[in-house]
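Comments concern the structure below.
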Amino acid sequence: MGRLHIGTISVISALSLSLTSAFAASPAPVEAEHGMVVTAQHLATDVGVEVLKGGGNAVDAAVAVGYALAVVYPSAGNLGGGGFMTIRLKDGTKTFLDFRERAPLAATKTMYLDAKGDIVPRASLDGYLAVGVPGSVMGFETAREKYGTKSREELIAPALRFAKEGFTLEQGDAASFAGNAKRLAKDETAAKIFLKPDGKPYASGEKLQQPDLAAVLEGISEKGPDAFYKAAPAEAIVKASQAKGGILAKEDFEQYAVRELNPIECNYRGYDIISSPPPSSGGVIICEILNVLEGYPLSYLGYNSAETVHIMVEAMRYAYVDRNAALGDPDFVENPVTKLLDKKYALEIAAKIDPYKAGTSANLKPLGGKESTETTHYSIIDDEGNAVAVTYTLNGSFGAAVVAPGTGVLLNNEMDDFTSKPGVPNLYGLVQGEANAIAPKKTPLSSMSPTIVTRDGKPFMVIGSPGGSRIITITLEAILNVVDFGMDISQAVNAPRLHHQWQPDKVFLEPYALSPDTEKTLAAMGYSFDGGNDTPQWGQAAGILVGGKSLAAIAKGGGARYNGAMDSRAAEGSASGY
Ligand code: DON
């Protein structure tokens, strides 16, 4: 399909020298003996390490990092959004906190449709109508109270300092403001905070201060979540929402509650996977794909060989049709989790995969986009072996790009994750069904997949990523890269990715994911492709491997206890430990 354009061949072939070997030459994993923190913003990473050094556990560090990212990584870190926390404690306890957004009480199934039943463009993405009831503050406080050891004041203090005193923007931080300047300019309050008085975005080297956000953080620090949900911030958000076409009400904030759920678990080649349950599709779909792949000798077939890609893509195709049709908020729909996780079901899928031919999505009937990097995932492990994986988000970059006056809190556009209309793709190109229809107090189906892998009852890997619908395959591929392809943790998060999500019926490729002859082989089997060498990369995986940097290092008995790697796709991210 001609991804190499003749005119650019010299540039691309020059690049290909470095890029084809990019993952082999990934930076060395960061090594540490007592604790490891991996996040998409280096200042937040340092906050987490300081908490661990000061005797806090991994949950304490995760809470402090969550608050810090809300200040230093405003495109995705947040108080006005929501997310998931997967926790595995040293005693083997596994749990999952769901602090994702809920639909407002006044939400209706057809709220994004016009009189003719057509989708009103961007109604679920921009402005107050797109906003789900935020969960992050309640999530962090629930985590801290139940599983942390430090005081709220201690864990919020670093975020408060960054908000009050400001922090210096690096190149990657400035780029994220520049890329979203037009949207931020549309909301007067957001523009005042995130753009300079002349309307231009902040440049690298300049300082960003957020006094309103500091005041909100101070309130939470002193009085707890009620200072957000039952006080001035909620009142200001409701007032602005009512004035600007939204439907948020006081009761939405008063009634918001965090759910503690059992994580999804499965076993892949002897490794125990602990990941996100519904209302995320992540854990179920990762496990469904892994169950299918377990039947194939992937390490023998080789990383991104035509045979490996064929099997991976077919497993993804079948799993995503289930994702899009069958899953939703567990308080509202019956999720067929047992069936989807059953290894017999994986065998049924495998039996349908033609070894020589691409499947056809149109022939797969359901049981019943685009890309950005604007969610964020971080991975943490402490000296005692407590592991925490957090993915949280505003959904799109800077969410709905609105801030209620006086709050400094960017609000999410998570309502777009619902099925606005069955059969019509959302921001991530997901074509979803009734199980994920909008209803009051319902949580939209997510792909966020904060995941912990254990082996022989001990933590082995902590992993996750942003990436919309691709989060699932990013997380999956990082696991396969370590377990099947022998990569070290840095190579595993940096390796080029591929993705299939049933509809559209295409294999999405990152630059240099496949060699031209592999692509030709797959094209001859019936595959068509999207993306490739001159297109953007996706995701920002944050990984930790325990016991060595790779399986080979672990087998040799050498190497550091904790090995961390932040995806190089995250310009200002870092892994750090002590
Ligand atoms: O929960 C979800 O699946 C989405 N709201 C995640 C959005 C995301 O990852 C955006 N960044 N790439």
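Backbone N, Cα and C atoms are what each Cβ position is placed from, and that goes for glycine too.
Bear in mind that the values here come from a model prediction, so they are computed numbers and not experimental data.
Around the Cβ of Thr375 (active site, nucleophile), 30 further Cβ atoms fall within 10 Å across all displayed protein chains. The active site, nucleophile feature in TrEMBL is assigned to Thr375.
Sequence-distant neighbours of Arg100 (L-glutamate binding site) (same chain, 6+ apart, CB under 8 A from its CB) are Gly82, Gly83, Phe84, Gly132, Gly135, Pro279, Ser280, Glu414, Thr443, Pro444, Ser446, Met448. According to DSSP, Arg100 (L-glutamate binding site) sits in a coil region rather than a helix or strand. Residues or ranges marked as L-glutamate binding site in TrEMBL: Arg100, Thr393, Leu394, Asn395, Asp417, Ser446, Ser447, Gly468.
Taken from TrEMBL, the feature signal peptide applies to 1-24.
Highlighted in sequence order, Thr375, Glu414, Pro444, Met448 have their Cβ within 8 Å of the centre of the Cβ atoms of Arg100, Thr393, Leu394, Asn395, Asp417, Ser446, Ser447, Gly468, the residues recorded for L-glutamate, and are not part of that set. With a cut-off of 6 Å between Cβ and the nearest atom of ligand 1, the binding-site residues Arg100, Leu394, Asn395, Asp417, Ser447, Gly468 reduce to Asn395, Asp417, Ser447, Gly468. It is 6 Å from the Cα atom of Asn395 (L-glutamate binding site) to that of Thr375 (active site, nucleophile).
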